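Visitor: Here's a structure for you.
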Amino acid sequence: MSESEVGKDTTPEPSPANGTGPGPEWGLCPGPPTVGTDTSGASGLGTPRRRTQHNKHKTVAVASAQRSPRALFCLTLTNPIRRSCISIVEWKPFDILILLTIFANCVALGVYIPFPEDDSNTANHNLEQVEYVFLVIFTVETVLKIVAYGLVLHPSAYIRNGWNLLDFIIVVVGLFSVLLEQGPGRPGDAPHTGGKPGGFDVKALRAFRVLRPLRLVSGVPSLHIVVNSIMKALVPLLHIALLVLFVIIIYAIIGLELFLGRMHKTCYFLGSDMEAEEDPSPCASSGSGRSCTLNHTECRGRWPGPNGGITNFDNFFFAMLTVFQCITMEGWTDVLYWMQDAMGYELPWVYFVSLVIFGSFFVLNLVLGVLSGEFSKEREKAKARGDFQKLREKQQMEEDLRGYLDWITQAEELDLHDPSVDGNLASLAEEGRAGHRPQLSELTNRRRGRLRWFSHSTRSTHSTSSHASLPASDTGSMTDTPGDEDEEEGTMASCTRCLNKIMKTRICRHFRRANRGLRARCRRAVKSNACYWAVLLLVFLNTLTIASEHHGQPLWLTQTQEYANKVLLCLFTVEMLLKLYGLGPSVYVASFFNRFDCFVVCGGILETTLVEVGAMQPLGISVLRCVRLLRIFKVTRHWASLSNLVASLLNSMKSIASLLLLLFLFIIIFSLLGMQLFGGKFNFDQTHTKRSTFDTFPQALLTVFQILTGEDWNVVMYDGIMAYGGPFFPGMLVCVYFIILFICGNYILLNVFLAIAVDNLASGDAGTAKDKGREKSSEGNPPKENKVLVPGGENEDAKGARSEGAAPGMEEEEEEEEEEEEEEEEEEENGAGHVELLQEVVPKEKVVPIPEGSAFFCLSQTNPLRKACHTLIHHHIFTSLILVFIILSSVSLAAEDPIRAHSFRNHILGYFDYAFTSIFTVEILLKMTVFGAFLHRGSFCRSWFNLLDLLVVSVSLISFGIHSSAISVVKILRVLRVLRPLRAINRAKGLKHVVQCVFVAIRTIGNIMIVTTLLQFMFACIGVQLFKGKFYSCTDEAKHTLKESKGSFLIYPDGDVSRPLVRERLWVNSDFNFDNVLSAMMALFTVSTFEGWPALLYKAIDANAEDEGPIYNYHVEISVFFIVYIIIIAFFMMNIFVGFVIITFRAQGEQEYQNCELDKNQRQCVEYALKAQPLRRYIPKNPHQYRVWATVNSRAFEYLMFLLILLNTVALAMQHYEQTAPFNYAMDILNMVFTGLFTIEMVLKIIAFKPKHYFADAWNTFDALIVVGSVVDIAVTEVNNGGHLGESSEDTSRISITFFRLFRVMRLVKLLSKGEGIRTLLWTFIKSFQALPYVALLIAMIFFIYAVIGMQMFGLVALQDGTQINRNNNFQTFPQAVLLLFRCATGEAWQEIMLASLPGNRCDPESDFGPGEEFTCGSSFAIVYFISFFMLCAFLIINLFVAVIMDNFDYLTRDWSILGPHHLDEFKRIWSEYDPGAKGRIKHLDVVALLRRIQPPLGFGKLCPHRVACKRLVAMNVPLNSDGTVTFNATLFALVRTSLKIKTEGNLDQANQELRMVIKKIWKRIKQKLLDEVIPPPDEEEVTVGKFYATFLIQDYFRKFRRRKEKGLLGREAPTSTSSALQAGLRSLQDLGPEIRQALTYVTEEEEEEEEAVGQEAEEEEAENNPEPYKDSIDSQPQSRWNSRISVSLPVKEKLPDSLSTGPSDDDGLAPNSRQPSVIQAGSQPHRRSSGVFMFTIPEEGSIQLKGTQGQDNQNEEQELPDWTPDLDRAGRDSFEPSPFTTSLVQQHVNGHMSTPTFAAPHACRSEPSFTIQCLQRLGSCEDLPIPGTYHRGRTSGPSRAQGSWAAPPQKGRLLYAPLLLVEESTVGEGYLGKLGGPLRTFTCLQVPGAHPNPSHRKRGSADSLVEAVLISEGLGLFAQDPRFVALAKQEIADACHLTLDEMDSAASDLLAQRTISLYSDEESILSRFDEEDLGDEMACVHAL
């Protein structure tokens, strides 16, 4: 068979599905078939083509399996119509066609131009006709899909898919609208009006068409991640939306109460309805509001209100809209100022400022937190999916490759006898036989062996190192058409021979050598240091030439710039060509920077050519010219940290591309919808042309983009409302469009930008570190200059990256630089280390020693004066006093009057200033006396903070000295006094920490600043090219040039011809312009803050030419410049900036947690556990009081109150402006009713709880306050109205009632205490506030300093209405200045305030300016002042809020199965039910019930079977007190510790010791007592609840065994003899052995799944026996399962034996609150074994007895037993001994959450036990055998402890069993409670003696020996050593097997007599011989421990 035949057979006939041989997965040939058969080919996946076909078949098969068998009830899958529909719908071109149709439809919708009054034109009419075509196409698509997939019933039906449903609705609505249009037209209508055909407005239905672009989302996969993460985030966002809604509702109702009807008074001319002002604003006829100052004007009502009556608080809905507008921080100051005009300055600012802080800064930043959390989670998922996919593909390729090779070798083996086979193949087959599998690359190289040059070139591109790197498709092409290749090879070979001949000539050789030398020299030159700096210099010159352009520049400068540009272009071209030649094209192109360079140079050449030819508009040219500026980024190449940043920015760009696409779709949809709704409607105001309209598609896009950025979106909304008839019912609905657009666009999509930025930066940090390492390794290998070939793929990349680099010397320098940088970065990372050190140092300042060296050259170190000063300045009173004086001096600065410089107040403050300065001077002199001035280490001036102090004081002193001379100098010095508050930083540690944080942040943000500034500079240069000198205009819009704008002109305000005004024509420039680079950067900075950019945009659109006026909409396409700038700078770079700040703060915060071994979450949880106090729950004793208490605490009562609050809210929200008197009366009556009901609630609660307990709860105090306030409110209203209801009005009232009105609203806040989710949110809010005090202090300081500077610099500017410095907004008083700064911080038109503060403004008439200085107020300093303040606030300070919020609210998106501090409140609440008195202790019996009531991850959850809960408790190690109780903190701490795995590995004592150290290190002030309580010290032998619960397992197990046996679950044949019964019992004991060990070594999770399965069966079984299971222990919590698994180092048993199945036993019905006694006996001397196991022994002295109650087995009633705690007189020798307890009690102890302790072997110790617990004894046994247990205290630990599981007591040495017992030592490992390896079963041979050899033990029966032997065989030798434990186990076996003890003994004797016993295993039986000596050895071994 020839090679070509092999090739042909690669695609054999498809074999049947159940074909023989390996399937397509293997790609192997099935054995040696006969020659010529088809089977010799590869199977289904033999070739890639074949594989894709196979995959396609497979997916089709899967899809068809999912399809509904019938569509539309009649079409089956075999129906030809349906089959053809399916094939059409799944045909790829069909999808493409539909997408193209959607796109075309969008274009058609965009081209449509809406006209006013529903007018139309021919183009629109034609577009309407085209719409029918689209509708037909979409209808056909829908019908086809419905036929193919079915309509709705089947899961894969058409409508079940969300996108399809959307399509379906759009199509149905479209058809519906067409039907309506066919209705009878009205007579006289134009034939094609766009409006209301058929008498019905179809426009609303047409609006649905605009949703069609959404279908593009389903067609673009990269959009899915973004859309998915947004969808996923919607669930937590819903929580936040509810919270925002709640805030809005509360503020709206408060607004109704305070501001109802306030906006309707303004100034009118007396006797007419004409408004007195051009721009009217509210006024107050009385009180402290604005009064009408003009003559003949009065303040009266009936004014609609500002914004045409939209902005007001007249009813609930208007109030909500106004509040929402304020939360968005757009136009909120206008509303505030109107309210101040209407009411005065007292109340409104509190309302609005608090609204902005809560609503905007806090609640809305939560959106960001949630989105960024969800986004990073979604991206991780996508990444994981991608990685998995890659891995699968790689494995698939490798398998395919193996298949090919096997197939080739096997085919050749078959065909070796064929003479046509090439020698290559023969050798190949030999290699195949020899076991060497050739790689694919080798095969191809052999095939191409003759083509030397060809293989030569492939070597450089294909890596020969690994076959996996070659894609499978290559291999396919090589094996597909070998015949053709042979022909090609022939022709190629002849060409090669010719080429070789030519190359061997001498000339060619010389030429090649010269060429090689020249290239090497070029390469060295290009990489040299000199070249690098030369290029940088050229870049700098290039930048300088472009930046020097400005408006009105002289001619010579223009010419110089042109020449310079051409010269520089030539130089850059030369550089590019040199690199191309020296490095070779492939290497040159490999570097991104080189490609970029090439693009810039080619752009430059193109631009120059076009200019010379004159073929292009200058506009485009100037833009191209600016592309050169991108060269600036060349600087970044050798600046490692900067290039890393640029790389991560480019990465972010990739992920942002899909978001931009989504954003674009979103904008298009809303623009089209806006055109449908508002097209041609914004023409209601004839006098003023609106710019932000929806009249054309481009204009609509701009308007939507403007709303998206949030700038003046409210103004557009007002226009929209006015277009629909103003603030009345239908018109107000329009606001829904704008609100949805704003929320989805601004809050969700734009926050996703920030989320992506934060996410990329966070993940980028890790990436850059890796890159650094890689760069270093690649740069370590210098390139070999004489080789052109690059050996491997990776090196090629490295070389590409370095191809621009320097010579070797340069590389070394670079490495050094990088190392330095890394060190710097490490320092930065350890910044918090420095911070911590500083924090440590600050307290020590009190005792800083006097430094060596003399002060002032005369005072030595021992000088008494110096010592006295030292004592004085370190005295705490002195420090506090200085702090007080700093605060007082700051207050005096704020109190100065900036206008009247010589006022009495200023004189007084001047004297204070003298005093303060003197005090500070004395302080500095004292400090200098102590520390010396500056010459030696530790001297005063060596500290930065001290230098700051010195500066502040010396400035004050100098300003006193030069009163008279230069005024400006004094002013500057006076301004510098503001730095005084900064001295407080040195005194307050927390503040110092925050300040250092800010500095670290500023340092790390440096790089981002540089990149942003470079980009900003670039855009500014482009702006200068485009707009220089084009922003001039004449005040008369009719004139367009400077020459024309002379004289004056008339204007008619509001179009009123009767009132003409004369104005002068002026030629003015725009405030923000692009005349030079600095102005351009300033203008662009304001654009990037989103303030006032639409005005600038429309100026740019209208810009015509230099020195010419604007032309309306001249260049609409120019808007692209602004949009690109906003997206790159404002959306992207600013968000990266913010993200950087957030990440830096987060990193700073986490650095604290780096040095203490606990992460942040662990630390917070542990802190909570240590600081938490139990809640007091008062339960009254008095029966009547108890009834009231029960009522008040009932669910029904709670729901009733909830309903009342809601009804009250509705009643409050019903108020409105101009309500009728009866309505008023009804409202007052309702208010009284509600107040009465709430008063009754308060009285009832006070009766139930007594005042002391009632007021202990904060919510109750709040309630009481509200009730009292409401009562006062009613009383005051009555007094004011003289007893008449319904007549209250603020103006007539004698007492101000607005304050008391608030109490009505505050009832709403009570709702917050009701919802669980909201409660958690609130709790986290309060936590955030706790994290914020120092941040808030820093913000307050910045505000203070800026406010005082503002007062000094801009306080003299006159207040003029109509300007930005006016009565509401000025610097004349300190509070006003702070409010103005707060306004700037929210970004509300800050740039206009800046312009109003520049020089040339009118001065305040009261200030003392000289003649002619009237217009000299203001200062150029305003630019620096406002920009620095805005940057500090908007970027740093506000982001501190964001950082804190994102930190604290990460739980909203975190995995809920991870324990966090927000879970721990539940523990307190449920604990209080068990410990109502808040004593902090509960019985250990209640612990299991308690933990089963708490949901995971903290508790076990009610689904956790009781037995598993007990096992978990065994592992938790909760310390048990001597009275049988556990403490609150210890239990909570143990839960946290176990759940978060804090120090749970290794030796318990060692782990405890380490944890104690960690806790002491972090919480230095923790009380020793508390620490000992939660982590017992090693010298105390603590008994834990876990150890106490251990023996519960034995009793529970045997009882279950007996019950199953009775029910016949363990097999039908009953044992015939006592011997076999005994064997069964012993076997069961052996089965239990591993379980006891597991329980004690924390292997509680392994069997859970099996337990659950059997547990259900057991629970059903139990339900029959027990009518009321879990009566009280299950709370109505939502069901959840404990999901997190704990990895355990123990091997798992393959299958649990039947008898081991768990589940709650019969007696689980016991209520959890029942209290059982513990019996305690005091002994004398505590003792402890070095093995660390607790010893349980019984003292032989007589004991006092305590009787328990007796009852029946399986008893279900709750038994109340007396709580008792014996007095332990440790000094005396008294002791207690209980009588045996009842059987039922024992069972209750077992199932009612208590069990027996673990046991240890007796020890040769003379001491007596300290106290003993004797319990759990069975009733009805032959002898009273209590389970003994001794608790020991107070002995130090033994000398050495072995490592083991933390839950297990450590032990000394390893337990080595006797040889016969243990087959291999390694199989059991460390034995009792140690590390277990190997199988858990050990099959051993034992020989049991009749009596124990040790004479000290009592004589025991054969049964005892057998039980001991079984225990020992199971590794429980220490238990076997305790005769009492053996007796208990024997008793349990006897009971379970229905034997008496005598029968058991005799059966055991029979077994021993036979000298055989089978091993107690279910699977097999081994004969064992028992020997006395062997057992003696075993016991001796146990003793040796």
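Cβ atoms are placed via backbone N, Cα and C, with glycine included.
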Visitor: Check the candidates Asn18, Asn295 against Swiss-Prot and report the one noted as N-linked glycosylation site.
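Guide: Record annotation (Swiss-Prot, N-linked glycosylation site): Asn295.
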Visitor: Looking at Ca(2+) binding as recorded in Swiss-Prot, which candidate out of Glu330, Glu346, Glu1466 goes with Glu711, Glu1091?
Guide: Glu330
Visitor: I'd like to know whether Ala157 shares a side of the membrane with Lys654 - going by the topological domains in Swiss-Prot.
Guide: yes
Visitor: Determine which residues of the chain contact the transmembrane segment (240-259) at the Cβ level, with the cut-off under 8 Å and only residues 6 or more beyond its ends counted.
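Guide: Tertiary neighbours of the transmembrane segment (240-259) are 312-313, 315-316, 319-320, 322-324, 327, 339, 342-343, 347-348, 351, 355, 358-359, 363-364, 366-367, 370, 1209, 1212-1213, 1215, 1298, 1301-1302, 1304-1305, 1308-1309, 1311-1312, 1318, 1321, 1452.
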Visitor: Run through the region 'Dihydropyridine binding' (1065-1155) and tell me, per DSSP, how many residues are helix, strand and coil.
Guide: 60 helix, 3 strand, 28 coil
Visitor: Please list the DSSP helix, strand and coil residue counts for the region 'Dihydropyridine binding' (1402-1468).
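Guide: Helix/strand/coil tally for the region 'Dihydropyridine binding' (1402-1468): 38 helix, 2 strand, 27 coil.
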Visitor: Give the nonlocal contacts of the transmembrane segment (969-988) in its own chain as ranges (CB under 8 Å, at least six residues past its ends).
Guide: 879, 882-883, 886-887, 889-890, 893, 913, 945-946, 948-949, 951-952, 955-956, 958-959, 962-963, 995, 1334, 1337, 1341, 1344-1345, 1348-1349, 1352-1353
Visitor: Report, as numbers and ranges, which residues of the same chain sit near the transmembrane segment (162-180): CB under 8 Å and 6 or more residues beyond its ends.
Guide: 132, 135, 138-139, 141-142, 145, 197-198, 200, 202, 205-206, 208-209, 211-212, 214-215, 217-218
Visitor: Looking at the repeat 'I' (79-375) alone, can you tell me the average pLDDT?
Guide: 85
